[in-house]
Structures are given as structure tokens and as C-alpha cells.
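Heads up: the structure comes next, in C-alpha cells.
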């Protein structure tokens, strides 16, 4: 018996050696998943339900059919390969019929040809796309009262967070000082136990907590000594995004003895369901994300927040919209789940989006009206502006300056980068004590090996009166954020101002024949930077926010889809942080962090979508998206057109008028989105027709990945015929006619006057010029676009529908004239 076992093991080892290295592959199978199975398999009744019905995921029919699909996946693999030469990681069965498997490229090629297999694609990595905003967005006075106040805003709506986990002990997620949370019967998610404390991650506010890492483990990326094999957030990112969307209201943001205000989520009474897929060292893998999305939809979430995205457009399919990630989200939307995804942080450069598909709400990041600035007053009277969320120097007085270069102990600076002020043991405490320490800014700050927090700790341990970090060289693309510190401190980011500072310091410092400093006569005072300044020129599109146009394939050809969809606050956002989080070195050990990224913008939209869902529980995801887009603001608080941060040719930041490729339809307006008047709705069949209409798309690829076939109704369809609240034609040749269907969600009949705005290069006409829409009724409008000239650039305009009962509906129009 032992000889037989040894022979089998030897056969496995030989096969593995022949087959070569293994990767994770995502496999799509023939046959419907649970959400769309209409029956047809003997012994298994239909499981699909209408959108306005609730699926019982615990029913015998759903359980039996799910097990049937899993067994089918197992049987297929067992029939093709020797046990031990592969490892099945997940069976997807709720929104996708398929599985993830760790195997060799030869086995994957063999699997592609197996009967019943639709598509096989190698897994790819994903990345993170990394408080005052409720007041800025008008939620406390304009939105929360309509839902019963902040203590009922988002009640019983479940938001799923596909992210880096959660820190459940944070007060933003506490259930102790709130009204008791009742059960959410339709939500069936699990709560994992903390392997250390043996306590559940759930508490009523948090209703589900699971982690997904099988693909990461199979790929050899998961290090159990560093990563948490649980929903615990070891990064900080997941706790931050969850708090932005659904954190408790009125949580004091305290750091270094100062209170920076009260934090609140957009929907403070919404429930949180955690699906951890991101880890400290490597980000995550699509196979794990698909498993998390499949589970989240099966569990019954209402909203999905994805502050993650692929590292680049997919290469294995002919179009960006047909990849396992977006296909899973299409199935989630089909099941009635609204999806918000971060646009990406590749701005301000064009075609840097990592969120592509029209069924997803892609969120750009805006700079809100709160800015933290500070200044330094030199002894010669010069005032240098900078960044520093810090107290003023003691008594608002000036203190002597000393450069780290002049405070070195011996020759330690030759071995270490002492000028970064990261190691107090390299500097002479006797010299530094009572003075302001002047430090340099090197690439170590950009790489993450140096931090402003560490400078603060160094200066404090040496008894300094404060510190200055001065940027001497330009680092294109570097984003400088203010960092809260406990002692007076400032970051000078302007290289010219750093030159003024260094010139003053050098001219005021006495040196001996060898260049050693013997007398320090330069002085400076640091102002109080703890209070923010409020600006009317907000919001602006943040410099880092990824820009359109959307791309339809890996060759970066323009798509006939507007992306991003909408703008939400994403710059310097205060929210909960995991004290053990490693994502931001400046906030290590802290309970709150002020972080920037489209990762922070997406949960604003997820939380606001929860408020819309609470008010209108029967609305489809596309109706919610439409309500957000058609009511968005195109003017800032000063009533000027929205502007976007850009680079000049000399890599200096400037402001230019924002286009839909910067901010989509505009800045989110929560109050208006709750009562949009009209919505533009789209069904799953509409999205399939859209996929089938993409030029050069392989129809079998649509069927294999999206699970639905192209039929005769797709003939003659063009991508821009999809009924979404925007019109984008990347190649307008001559004249094109585009139709849109609007549906009233108002309780009263309303007559809308239709107006257009478009640059002279493109003629835009809409018929009828006015229309009356009854409650619940739908009407069609027809837009005719004509290219008057070929400029090689896009023209931006809009269709505006103004109702006689106060509703205002905007549809952005984007087109480029072609010969």
C-alpha cells in the first residue's frame, strides 16, 4: 500500500516538473449562475428572481443549485488532471459560474479546450486607489433630515467594502453609544472570529466580516508573519473608506492633544459588511476580489464600494469591459447592487482610468473647501508659505535655526542620510536643543522610508523648538500633503522659497576656516497651522485624480463611454484609521488619518447612494447612478465653472476649466440626487447589447465572459445608444442621431423645457424642445449631432432639461469630429 502511495506521489512530482511553474487562472463555465438560472437542469428548479423580489439565498433551490455547480467544477478538474497537480481555490456560483484554480500554463491551455469551458484567463493584481465633507456636501441640513436625521440616515442599508479589512474597535464603528441595531433579515453574511482575541468582528453596526486570500497564498505573495489572515485591517485603507461611507456621526477627531472636528460617514446609520482582499505588501488579486464580490452579492449587500482597481487595462480580452473583474460587477448590478469604484490616481494625465464599464459608477476625486496652510517668518522679515498642521512656536516667538548638516555627530552623516532627520542619534542634542531644526527633503520621503512624523519625533526627542523640512529639488508628480504633528513644524514645498531660506541661513551662520559652524544667528518663527482655511473656489478636480477619455481596449483606443462619472471629495479626508495600519507612515499608531486619493472619493458616493437607496428601495443601480449624475453641480461654491488641477509644461500646478473627462457630469449634489425628477434607466439586456455593439468585439467572448449571447436586437446598435445619462461619440463622422429615454420618478406631472449647449465645431439639436412626463411614465428624446469641422480634439456640451416644478436634469455631451 505504501509503495502505491509513493508511486502516486512520484507521478505528481514528475507531472509538476513537466508542467512547469503554476499561476492562478479564472475560469468561466457554461450554464447560468444562481442569480440568472431560469431552470432547465433536471432536478434543479429555477433560482432567478425579478429585481423587485428578494432572493432567499438559504432556500433549498439556491443551496442545491449552488452545490450542483461546485460539484460540476470539481468533477471537471478531477477528470482532466492528476490530483495534486492543481489546486481549486474558489467556486464562483452566485453571480458568475466558474472557479479559480492554481495550475500550470499547459494545464490552462488544456482546460481551455475542455467541453463546457467558456473562458480561461490568468489572474492579475489589483491596487489601492489611495471630517468635514458631510457639511461641505450639505448632508446635515439638506439630506439627513429627509431620512429622519443623522441617527436614521442609511438605516438598514448594507454597504459592502471590498478593501483591506476593518479595525472594529474604532469608535466610528462602535454600536455602544447609538440606538440598538436590529437584525437585517435579508443580509446573510458571515462574521469571522479574530484568531487572537477569539471575538467576532461584528457588533450590529458591522454585520459581516470575511477575508479572501487563497489566490494570494497560491501566488506565494501572502506572508503570514506580516499579514493578518482575518478581516482585521493591517493597512488602514479599509477602515478609512468604511468610515467615510458609513462611520458613526459626531466622532471627535483627536490627535496630538488637538481636536480637528467631528467625523461622520455619509450614511452614519448604514451597516458595514467587510470583504477583505487587500494586504500590506502586495495589494491583492482579481481571483480573490471576484470571490469577495460573488460572496457579497450572495450575502445581500445593497451597495458595493471598490476603492481598488486593476494595475492596467486587461490584455487577455478585446475590450476593457470584458474582464473577470468588470464581468463580476455586471452580474452584481444585474442582482440589484449599486457599485461605486475609484477612478484611479494616475492624473492629471489622460487615459489613466482603471474603472472602465458603464454599469459601474466611476468616481473622480475633488479638493473640497478646506485647506491647511502655514507660514514661516524669517529673521530678515521674509514670509515663506508652506504646509504644517502644527501649533505655533512657543509664545509666537522666533527661535534660532540650525541645519541638520551643522548638528551631525562626527562622520555619521556619511553612512546614513542624516539630513532627512529620521535618526535622532545621529544629531548633537546639545546643539539642537531650543532651536528650530532645519531638515532636507530627499527621495526617501517619496519612497516611504522617511516621513514628516519621524522628523517631528526626532526634533522632539532632541528638545528642538520646532522643525522645518525644505524641498530643494523638484520631484515631478510628487503630492505634498500637510501632516498633523505635535510640535511646531512646517514643510516648504516651493523650491524658490527653500532657496531664500537656505541663503538666509548661510549668510547668518558664522563658520571657521574649515567650514564648521561656530555661530548661529538665523532665526525664524512658525505660525499656527491647526485651523483650516475655507475657500469658495471648491470643489476642484484633484491633481492626482485619473482622467478620461475611457479606453475600450489595451491599445488605448477611445471608448464611446464617458468616464469618470462624477466628482466627490477625495483630498485630505479625515476618517478612522487602524493604529496598526502601515499604508501611511505619517499616521502609524494613530486612530485617525487625513488621506487623499480617489479611494476616499468612492465611499462618499457609496454612502450617498445608500441614502438614495433608503429613500427609494426599489430603484435599480442604474437609476441611482442617473440620479447622482443628472443632478451634479458644474459650478463651484463661488458660482464659477468647476476647475481642474493640471500641470503646465514646466511641471508647475495650475488650474484650468474642468471637462467631463476630469469630473464626469460634475460634483455630487446629495440633496438634488434624492429628488432628481427624471432618471435614465438601463437593464442587464441593455448592457449586453452595448457589449455586442463594440466594433471588432468577439461575440463569443461576450457570451463566454458576460454569460449572455448577442442576438438580433443588437444589430445596428452602437455603443453610444446605451441609455446612460451621458452621450459620448469618440468618432463623429457627419451626422449621428442618438436617443435617450427618461422616466419620471416624481409624484407629480412635470413639463420640461429642453436646451442645448455645444461649441461651434459640433452642432447639437434635440427634439422635442419640450415634453410633459406623467408620474412613472417614460418619454424619449432624440439628439442629433453633426460634425461641422474636424479639429482632432473633443468638444464638450450638455443637454439641460428644466422642469416647471423645479427639477433640473443635465446630460453631458462629448464628441470629436472625424472625416
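Placed from the backbone N, Cα and C atoms, the Cβ positions cover glycine too.
TrEMBL lists 1-20 with the feature signal peptide.
As annotated by TrEMBL, domain 'Inhibitor I9' applies to 24-126.
Under the heading domain 'Peptidase S8/S53', TrEMBL lists 154-642.
If you look up TrEMBL, you'll see 163 (among others) marked as active site, charge relay system.
Marked as active site, charge relay system by TrEMBL: 237 (among others).
If you look up TrEMBL, you'll see 426-493 marked as domain 'PA'.
Look at TrEMBL and you will find 599 (among others) tagged as active site, charge relay system. For residue 599 (active site, charge relay system), the count of additional Cβ atoms within 10 Å of its Cβ stands at 32 [all protein chains shown].
Here TrEMBL flags 721-814 as domain 'Subtilisin-like protease fibronectin type-III'.
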Item to complete: Determine how many residues of the domain 'PA' (426-493) DSSP places in helix, in strand and in coil.
Response: 20 helix, 16 strand, 32 coil
Discussion item. Can you give me the same-chain residues 6 or more apart in sequence from residue 163 (active site, charge relay system) with a CB-CB distance under 8 Å?
Written reply: 237, 238, 241, 242, 274, 275, 276, 277, 278, 305, 307, 308
Practice prompt. Pull the DSSP breakdown for the domain 'Subtilisin-like protease fibronectin type-III' (721-814) and write it out as helix, strand, coil residue counts.
Written response: 1 helix, 61 strand, 32 coil
Worksheet item: What are the DSSP helix, strand and coil residue counts for the domain 'Inhibitor I9' (24-126)?
Response: 32 helix, 29 strand, 42 coil
